[in-house]
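Taken straight from Swiss-Prot:
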- 3-69: domain 'J' (DOMAIN)
- ARG135: omega-N-methylarginine (MOD_RES)
- 2-146: region 'Interaction with HSP70' (REGION)
- 119-241: region 'Interaction with KRT18' (REGION)
Amino acid sequence: MVDYYEVLGVQRHASPEDIKKAYRKLALKWHPDKNPENKEEAERKFKQVAEAYEVLSDAKKRDIYDKYGKEGLNGGGGGGSHFDSPFEFGFTFRNPDDVFREFFGGRDPFSFEFFEDPFEDFFGNRRGPRGSRSRGTGSFFSAFSGFPSFGSGFSSFDTGFTSFGSLGHGGLTSFSSTSFGGGGMGNFKSISTSTKMVNGRKITTKRIVENGQERVEVEEDGQLKSLTINGKEQLLRLDNK
């Protein structure tokens, strides 16, 4: 029988943040697209990790799992007659890809996966570039999106710039972030740029958030390869080479 705590590599008393952090790390590690040479095992692991996160990230499901195991979620145990399970007819797990997309908010996590450890090493714990602890999923996306985790850091007028050189992780060569804007509902603009080498090619990802609109540009060796606005990929007109 699979132990969901073992799948995520966390203790039974793990906090919700611990569970989110574990899922993020393992989902990126075992995503089938990142393991083409070992796709069958990756798909199995990816599915297990998604199932474990789905159960342990939900207080009600986690409580039932702690008491009755996976059987409780399936409405088992003699037809559920000896306990009151809200999943009497069985709990249906979602598609692991849907869990993955929802967790990362529809963004491409692979272009930012190097945020996980280097920042933790620099600050001793998970902190945003301005030193304020990121909230939400615990990923760094919230720190650059102009949503709640950044909001509390702004006074009537605030500017910020952060830049890192090579961190020796995942081929990262540089990362920079600038942000400025007025207080309250005034204009806000955040720009973050990351550059890394992948198979000898220079991949630059630029994320611009302004007045609630998010624009993500990905360039390969200086040539624009993809453009996403508010999570929707735009068609590129390749008039030039």
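Every residue gets a Cβ built from N, Cα and C, even glycine.
What you are looking at is a predicted structure, and each value in this text was computed from that prediction instead of being measured.
In the predicted model, residues of the region 'Interaction with KRT18' (119-241) average a pLDDT of 60. Secondary structure counts, DSSP: the domain 'J' (3-69) has 54 helix, 0 strand, 13 coil.
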